[in-house]
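Novice: Copied straight from TrEMBL:
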TRANSMEM  16-36  transmembrane segment
DOMAIN    18-415  domain 'Major facilitator superfamily (MFS) profile'
TRANSMEM  57-80  transmembrane segment
TRANSMEM  86-104  transmembrane segment
TRANSMEM  111-138  transmembrane segment
TRANSMEM  144-163  transmembrane segment
TRANSMEM  175-194  transmembrane segment
TRANSMEM  233-257  transmembrane segment
TRANSMEM  269-292  transmembrane segment
TRANSMEM  298-316  transmembrane segment
TRANSMEM  323-345  transmembrane segment
TRANSMEM  357-379  transmembrane segment
TRANSMEM  391-412  transmembrane segment
REGION    422-479  region 'Disordered'
Amino acid sequence: MGAGGPRRGAGPPDGGWGWVVLGACFVITGFAYGFPKAVSVFFGELKQDFGAGYSDTAWVSSIMLAMLYGTGPLSSILVTRFGCRPVMLAGGLLASAGMILASFASRLLELYLTAGVLTGLGLALNFQPSLIMLGLYFERRRPLANGLAAAGSPVFLSTLSPLGQLLGERFGWRGGFLLFGGLLLHCCACGAVMRPPPGPSPPLRPDPAKDRAPGGGARRRLLDVAVCTDRAFMVYVVTKFLMALGLFVPPILLVNYAKDAGVPDAEAAFLLSIVGFVDIVARPACGALAGLTRLRPHVPYLFSLALLANGLTDLISAHARSYGTLVAFCIAFGLSYGMVGALQFEVLMATVGAPRFPSALGLVLLVEAVAVLIGPPSAGRLVDALKNYEIIFYLAGSEVALAGVFMAVTTYCCLRCSNTPSGPAAEGGAADTEDVDVERDSEPMPASLEALEVLSPRAGSSGPEPEVETVSGLGHESV
């Protein structure tokens, strides 16, 4: 069937209860990306109460983010073993318990272990399963669904930060942490609505029939690390690593950069709000755009264009000193940043497919955690050493632009190589082409190069459709 319509009876429903799942993903994405940043509004009080410096208190958010990204493989294993709904319910309880216990902390180390480790782990156990469930419910409208879910990040960031400021003024940081812990219980409600879609759905791990142990028995894989042999997936991983090195640096340094240029404090802080407002509009709009029939087969190139635009924005705006040019930078940056956020997981879903998506996502988040721990801290040290923000914007922009160029060039080259007939296929016509496709499918780990161009369901694909039979032990109840 073509890419214009969902498969009947066997494919995702593309609606119905899926819209409830989408709403839950919106909330989970907002908490996952917005909560670590929102906690920073309490750092002033934490510094006073514990007599610590800013860098010491900032480790709370850093550990939370490190747990969110770095525990991706663990989340993949748990989802494969227990299913999405139980993992999300446990994650919601962990995230809430971490903030509640942090409100009783008497040392910074206790904050690191509770608000940092426990809450970060709980958010991770909610974020990844929610994306997996979204892929099970949407196929034809999946780009739009990903864009709408990704919009939760700027919406919650714009909401949680002022709310945290208000709670801190009224109840202090301990009361704010306690109330934030209660707020995170909504993650449990979001996990409760993650029921499996009707009809047979793709298994959450590769088909055991294609993964046999030497003795002939099926070998259970909780984490399919063999996905790393897929060239298309490795292209995406390298792109994400380069992207994460520089993508988050400008928002972190923007306010201080504006202050260094002589912009008043209130106006400098408003620049981040401009980025957030543009981001809110850009993500769902880009998701709807990527879902168009003519554009959907070229989503990897659209993702590359968004990365290139973001990098060039940083490079062009490195000399921005007036408030007007900084506002223009924020608008352009928010637009490209929103496009990247809306498309990043759509490209991954199309590259590896539903069975391998849990393992692939866990490995990608781990790689992104390494890049995040390298990029922004290194940029901060360079600013302290050089007292020059322009160099930082040049470096960040170059890294993101390089990621976009790398993604586009390697995608084009891989597809060109995969479409080049060789041997008897160059002479034999349709029958020989089918033989070549059968040989590719029979390899231990095929390189899913076509997935970079033709999103599921594959239109006009001569190869076999992915199996959707319910594997024993991996039916709806496992989701």
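Glycine is treated like the rest: Cβ placed from N, Cα and C.
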Novice: Which one, 16-36, 111-138, 298-316, 391-412, has the most C-beta pairs under 8 Å toward the transmembrane segment (323-345)?
Specialist: 298-316
Novice: Taking a Cβ cut-off under 8 Å, which residues six or more beyond the ends of the transmembrane segment (298-316) line up next to it in the same chain?
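Specialist: Apart from its flanks, the transmembrane segment (298-316) reaches 143, 239, 243, 246-247, 250, 286, 289-290, 329, 332-333, 335-337, 339-340, 343-344, 346-347, 350, 393-394, 396-405, 407-408, 411, 452-453, 455.
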Novice: Check the domain 'Major facilitator superfamily (MFS) profile' (18-415) for me and report the mean pLDDT.
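Specialist: The answer is 86, the mean pLDDT of the model over that range.
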